[in-house]
Amino acid sequence: SRRHKLYREELNLTSPAAPLPLRPDASWLQFHLGISRDGLYPRSSPAVTRLLRDMRELPIISADYSQDEKALLGACDCSQIVKPSGVHLKLVLRFQDFGKAMFKPMRQKREEETPEDFFYFVDFQRHNAEIAAFHLDRILDFRRVPPTVGRLINVTKEILEVTKNEVLQSVFFVSPASNVCFFAKCPYMCKTEYAVCGNPHLLEGSLSAFLPSLNLAPRLSVPSPWIRSYSFDGKEEWEVNPLYCNTVREIYPYSNSNRLLDIVDMAIFDFLTGNMDRHHYEMFTKFGDDGFLLHLDNARGFGRHSHDEISILAPLSQCCIIKRTTLLRLQLLAEPEYRLSDVMRESLLQDPLAPVLTEPHLLALDRRLQLVLEAVGKCIDTFGEATVVANDTAQPQSPAADRAKLDT
């Protein structure tokens with residue numbers, strides 16, 4: 001603590017300016033007001049464009065460790081939700097107009113693949129995966145991932161100098177390479193070996209916009225029917241029973257709502273990113289059983305471009321059902337003129353940390369998209385298109401209309 005006190009005195013830290021009054025036109029507020037039954041934001045939302053700009057440009061006035069709101073409100077068993085770990089460090093950054101974002105620092109270089117011997121539940125969380133997931137979700141027209149943008153953070157000026165958390169202040173240190181580093185407060189794996197370091201002060205990270213507070217917009221957290229076993233040798237029923245979906249269809253709310261179709265959407269999204277870590281999903285309670293599923297926590301995607309984890313597609317291959325609007329969008333993105341990798345590459349160039357994904361990861365999207373369409377094709381061959389392709393609540397679009405939307 002004495003070394004830390006001297007370090008702070010040497011930096012001559014000053015308190016940040018007082019927050020400005022809340023502006024009705026603030027991008028954070030406009031983003032929240034734009035949430036509807038159809039998604040987190042409308043297509044071509046100017047509020048999202050402004051929000052992405054503000055998250056990458058506005059001054060940061062405070063930083064702190066993240067805490068799970070549900071646990072703080074007593075809405076759940078904290079031991080099941082709050083599982084802090086030194087290797088999964090994330091911070092809440094606040095801005096002058098009352099906006100706040102979740103910051104996930106760079107833990108793995110873009111060209112590094114997750115080792116084959118890693119279990120999915122001990123994999124790194126990747127900042128570029130969060131960014132790429134937002135762009136992919138928007139391209140697929142799901143609009144269920146909160147707006148996310150990359151930013152180069154000065155860990156000294158924009159975290160250490162603005163935080164009021166003495167524990168966070170105390171875990172900063174200077175490495176032997178003269179880089180400023182910090183690590184997490186947690187019950188285990190909280191050592192300098194698991195720290196993140198600037199170069200010497202600058203550190204890449206993703207910033208994801210916060211959703212409205214749970215007091216204003218309560219959310220329901222539901223275990224996924226296709227949850228994986230989080231042990232080294234366990235198996236869930238869906239992993240050994242190919243007829244598992246028949247059981248799911250008999251359980252409310254999967255028996256009489258669009259929930260199962262949304263689960264299939266999420267499975268397709270996760271398969272394209274390679275994310276095996278979808279153990280729960282969340283929904284806004286305001287929209288009832290037919291509300292959309294939030295695609296949160298995507299940092300374990302894009303780990304291995306050389307491997308396609310077919311098991312992620314189990315909801316699609318076992319239930320053999322898909323929304324017509326989803327299928328039309330996938331078919332469009334498989335056409336040479338609108339190839340998914342090309343659309344993603346162009347979209348990701350808008351991010352300050354571009355290139356966000358390496359070329360092998362982009363090309364893997366095209367390969368995985370073909371596997372999704374092949375799985376749908378097998379279902380149609382077996383059960384017929386009328387059974388497999390569901391007319392969802394949105395009016396089915398013609399390919400020409402889909403092209404027009406994609407171009408906007």
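Heads up, the Cβ atoms here are built off N, Cα and C, so glycines get one too.
TrEMBL labels come from automatic prediction, so no person has curated them.
Bear in mind that the values here come from a model prediction, so they are computed numbers and not experimental data.
Annotation comment: TrEMBL describes K104, S208, A209, F210, L211, E282, D297 as ATP binding site. Look at TrEMBL and you will find 172-388 tagged as domain 'FAM20 C-terminal'. Sequence annotations record features per position, and here TrEMBL assigns active site to D277. The Mn(2+) binding site annotation in TrEMBL covers D297.
With respect to Cβ neighbours within 10 Å, the binding-site residues A209, L211 differ, and L211 shows the lowest count. Proximity to D277 (active site), judged by a C-alpha distance within 10 Å, picks out D297 from the binding-site residues K104, S208, A209, F210, L211, D297. Taking the Cβ of F210 (ATP binding site) as reference, residues of its chain lying under 8 Å away and at least six apart in sequence are, in sequence order, W28, V92, G99, K100, A101, M102, P146. Of all residue pairs in K104, S208, A209, F210, L211, E282, D297, the annotated binders of ATP, the farthest apart have Cα atoms separated by 20 Å. Taking Cβ-Cβ distances under 8 Å and a sequence gap of 6 or more within the same chain, the neighbours of E282 (ATP binding site) are R219, L220, S221, V222, L293, L294, L296.
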